[in-house]
Structures are given as structure tokens and as C-alpha cells.
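Asks: Sharing a structure with you now.
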Amino acid sequence: MQAIDNLTSAPGNTSLCTRDYKITQVLFPLLYTVLFFVGLITNSLAMRIFFQIRSKSNFIIFLKNTVISDLLMILTFPFKILSDAKLGAGPLRTFVCQVTSVIFYFTMYISISFLGLITIDRYQKTTRPFKTSNPKNLLGAKILSVLIWAFMFLLSLPNMILTNRRPRDKNVKKCSFLKSEFGLVWHEIVNYICQVIFWINFLIVIVCYTLITKELYRSYVRTRGVGKVPRKKVNVKVFIIIAVFFICFVPFHFARIPYTLSQTRDVFDCAAENTLFYVKESTLWLTSLNACLDPFIYFFLCKSFRNSLISMLKCPNSATSQSQDNRKKEQDGGDPNEETPM
């Protein structure tokens with residue numbers, strides 16, 4: 001197995017710029033393997049629990065869409081692991097470029113979009129904690145969810161179709177080598193659109209959590225001295241969303257800008273290009289980590305999910321009865337504490 005590949009000429013240097021692939025062929029496949037098993041177990045469990053919970057709030061609808069997106073992303077990991085470790089033949093690399101890599105980014109931006117919607121929902125819960133969802137709002141949330149999936153699918157499908165060139169050799173170093181001329185143009189357009197999606201949701205998260213922090217501080221000032229410690233502890237939980245967003249998605253999108261410049265323009269020397277490559281791969285792994293961190297959001301912020309999980313862990317046979325109890329509460333008017341209060 002070749003550990004070092006010749007890539008490109010470094011600006012201002014006639015020697016070839018080489019890159020050590022031991023990290024990407026050994027370390028990252030191991031890290032993705034860990035994510036695959038942890039993510040598959042936790043998200044399969046989350047999927048089972050959410051199938052037992054009725055979609056009685058916008059929050060739960062968005063969480064259900066998130067767990068589906070995460071599970072789809074996780075299912076792409078084995079193909080990436082085999083491809084990066086050079087354990088598969090040329091057709092596997094072609095399949096990764098044409099299908100699984102597209103699905104990976106497709107699900108990434110779906111998750112980003114739903115985290116933005118969940119953030120807006122948490123802000124509304126902070127300012128109007130006793131407002132309940134009505135059927136009209138639930139229908140709107142479902143329609144919005146379908147539109148997000150449809151929009152991202154329509155963006156991603158051409159990337160699959162236009163990755164249609166036959167590889168010149170068995171070892172395809174870049175997926176761009178397999179794209180048609182228009183495929184490269186479309187890929188660039190999609191990259192710009194995805195950047196816009198991220199930055200819009202980035203602003204949503206920043207603005208909403210600034211307002212949430214102000215509201216929680218006002219609430220703390222009003223209730224200071226009353227001794228409502230449990231409420232203060234609950235309030236802190238809402239910040240898990242911004243923590244997941246910043247850990248998983250922000251580093252990649254900040255690293256992506258200089259990395260793209262290093263691929264399209266001669267503005268960095270060889271050492272800088274290699275550093276940017278490793279930074280990009282590291283931050284891409286962090287985006288994958290999101291699939292393992294989202295279950296913490298479900299557990300800490302969704303009481304129905306938390307109760308069902310605890311019941312399942314205590315006694316697996318009681319999970320069905322817990323689900324029936326939840327459904328009975330919903331028929332009787334719902335559990336006012338179904339979501340973690342602000």
C-alpha cells in the first residue's frame with residue numbers, strides 16, 4: 001500500500017508536493033469505525049423510541065427527522081472506511097464518490113437545517129413556555145420537514161447523476177475526476193448553496209441563543225433569592241444544542257474556506273496545503289460526530305424520550321407499557337411536561 005502519493009506542485013517550488021496518507025488510511029478509518037458502532041447502536045435505539053412517541057409538537061417532529069438523517073449518515077461510514085483504508089477495489093471508490101459521499105453531505109445539511117429549526121423552537125419555548133402546539137402548527141412543521149428533505153434531495157441528485165465519467169485508473173484520488181464538465185459546475189453551485197445554508201443556521205443559532213441567554217438571565221434576576229435551583233439546572237440543558245452545533249459543524253465550515261482556496265489557487269506552499277488537508281479531514285470527522293451527540297439532545301430536552309429510554313433500560317418489557325401510558329396521556333390532553341421547560 002502506497003503511504004505517500006504525489007499530488008501537486010507547490011507554488012514557487014518545482015518539486016512535487018507529497019502527502020503522507022498513513023493518517024487518513026489508518027487513523028481516520030479507525031475513528032470512523034468507532035463512530036459507526038456507537039452511532040448505529042444509539043440512533044437505532046433512538047429510532048425505536050421515537051416510533052413509540054406521537055408527533056404532538058414541532059419539537060418532536062424535528063427530532064424525528066434528525067434521527068432519520070443521522071441514521072442515514074451513519075450507514076455511509078462503512079463505505080468511507082473501506083475506501084479510505086484502500087481495502088476496496090476501484091468500483092468501491094467510484095460508488096463512494098457517486099453515492100455515499102453525496103448522501104453524507106446531503107444528511108449533514110439536513111441535520112444542520114433541523115438544528116436551526118430546533119433552536120427556533122427552543123427560543124419560542126423560552127419566551128412562551130406554556131403555549132401548546134395546535135394541529136395547524138404541527139401540519140406546518142411536517143410540511144416544512146418534507147420541503148427540507150425534497151430541497152436537499154433535488155440538490156444532491158444531480159451530483160450522483162453527473163458523476164458519470166469512467167475512471168482512468170483503479171485508484172481514483174479525487175471524486176472530481178469522475179464528474180462531467182457540467183457536474184463540476186453543479187458541484188460548485190451546490191457547495192455555495194450549502195455554505196449559505198450553514199451560515200443562515202449559524203446566525204439563527206447565535207441570535208436565538210443570545211436572546212435565550214438574556215431571557216434566562218431576566219428570569220434568574222426575577223427569581224433570585226426564591227431558591228428555584230432545580231429550574232436553574234433545567235435551564236442549562238438547553239445549551240446542549242449550541243454546544244453540539246459549534247463542536248460538530250463550525251470547525252469544518254471555517255476550515256473549508258482556506259482548504260477550497262488551496263485546491264483552486266496557488267496561494268499556499270506545500271506544507272500549508274498538507275496542513276489544511278489534515279485540518280479538513282479532522283473537522284469532517286467532527287461533523288460525523290454529530291450523529292453520536294444528537295442522542296444527548298433527545299435525552300436531555302425531550303421528556304417523553306427520556307422516560308421511554310429509562311423504562312426500556314430498567315425493564316425492556318416495560319417499554320411498550322410506557323409507550324401506552326404516554327399515548328393515554330396524549331389522549332387525555334397531553335403531558336404538559338412532555339418537553340423540558342425553559
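Using N, Cα and C of the backbone, Cβ positions are placed for all residues, glycine too.
These came from Swiss-Prot, pasted as-is:
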BINDING   R93, C97, Y105, 156-159, 175-179, H187, N191, 256-259, Q263, K280  ADP binding site
COMPBIAS  333-342  compositional bias 'Acidic residues'
DISULFID  C17-C270  disulfide bond
DISULFID  C97-C175  disulfide bond
CARBOHYD  N6  N-linked glycosylation site
CARBOHYD  N13  N-linked glycosylation site
MOD_RES   S55  phosphoserine
MOD_RES   S57  phosphoserine
REGION    317-342  region 'Disordered'
TOPO_DOM  1-27  topological domain 'Extracellular'
TOPO_DOM  51-61  topological domain 'Cytoplasmic'
TOPO_DOM  83-97  topological domain 'Extracellular'
TOPO_DOM  119-142  topological domain 'Cytoplasmic'
TOPO_DOM  163-185  topological domain 'Extracellular'
TOPO_DOM  208-233  topological domain 'Cytoplasmic'
TOPO_DOM  260-278  topological domain 'Extracellular'
TOPO_DOM  299-342  topological domain 'Cytoplasmic'
TRANSMEM  28-50  transmembrane segment
TRANSMEM  62-82  transmembrane segment
TRANSMEM  98-118  transmembrane segment
TRANSMEM  143-162  transmembrane segment
TRANSMEM  186-207  transmembrane segment
TRANSMEM  234-259  transmembrane segment
TRANSMEM  279-298  transmembrane segment
Asks: So which recorded positions are near C175 (disulfide bond), with CA atoms within 10 Å, out of S55, S57, R93, H187, I257?
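Replies: Passing the 10 Å Cα cut: R93.
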Asks: Of the residues in the topological domain 'Extracellular' (260-278), how many are helix, strand and coil by DSSP?
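Replies: The breakdown for the topological domain 'Extracellular' (260-278) reads 14 helix, 0 strand, 5 coil.
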Asks: Applying a 10 Å Cβ distance cut-off over all chains shown, what neighbour count does C97 (disulfide bond) have?
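Replies: Result for C97 (disulfide bond): 22 neighbouring Cβ atoms inside 10 Å.
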Asks: Taking R93, H187 as the binding-site residues to compare, which has the smallest set of other Cβ atoms within 10 Å?
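Replies: Result for the binding-site residues R93, H187: minimum number of other Cβ atoms within 10 Å at H187.
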Asks: Going by DSSP, give the three-state secondary structure for S55 (phosphoserine).
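Replies: For S55 (phosphoserine) - judged by DSSP and reduced to three states - the answer is coil.
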Asks: Counting only pairs at least 6 apart in sequence, do the transmembrane segment (186-207) and the transmembrane segment (28-50) share 3+ Cβ pairs under 8 Å?
Replies: no
Asks: Restricting to CB pairs under 8 Å, which listed stretch, 28-50, 98-118, 279-298, is in contact most with the transmembrane segment (143-162)?
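Replies: The stretch I would name here is 98-118.
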Asks: Out of S55, S57, N159, which of the recorded positions has the smallest number of neighbouring Cβ atoms within 10 Å?
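Replies: So among S55, S57, N159, the recorded positions given, the one with the fewest Cβ atoms within 10 Å is S55.
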Asks: Counting only residues 6+ away in sequence within the same chain, which have a CB under 8 Å from the CB of S156 (ADP binding site)?
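Replies: Once residues fewer than 6 apart are set aside, S156 (ADP binding site) is near V102, I103, Y105, F106, V190.
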Asks: Nearest to I257 (ADP binding site) in three-dimensional space, by Cα, is which of the recorded positions S55, S57, C97, C270?
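Replies: Sorting the recorded positions by distance from I257 (ADP binding site), the top entry is C270.
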Asks: What Cα-Cα separation, expressed in whole Å, is found between C270 (disulfide bond) and N159 (ADP binding site)?
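Replies: The separation of the Cα atoms works out to 30 Å.
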Asks: So if I measure Cβ to Cβ from F177 (ADP binding site) and keep only same-chain residues at least 6 apart in sequence, which ones fall under 8 Å?
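Replies: Within the chain, F177 (ADP binding site) has Cβ neighbours under 8 Å at R165, P167, R168.
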Asks: Using DSSP, would you call I257 (ADP binding site) helix, strand or coil?
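Replies: DSSP assigns I257 (ADP binding site) to helix.
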Asks: Count, for each of the recorded positions C175, I257, C270, the other C-beta atoms lying within 10 angstroms of its own C-beta, and report the residue with the smallest count.
Replies: I257
Asks: I need the CA-to-CA distance for S55 (phosphoserine) versus H187 (ADP binding site), whole Å please.
Replies: 36
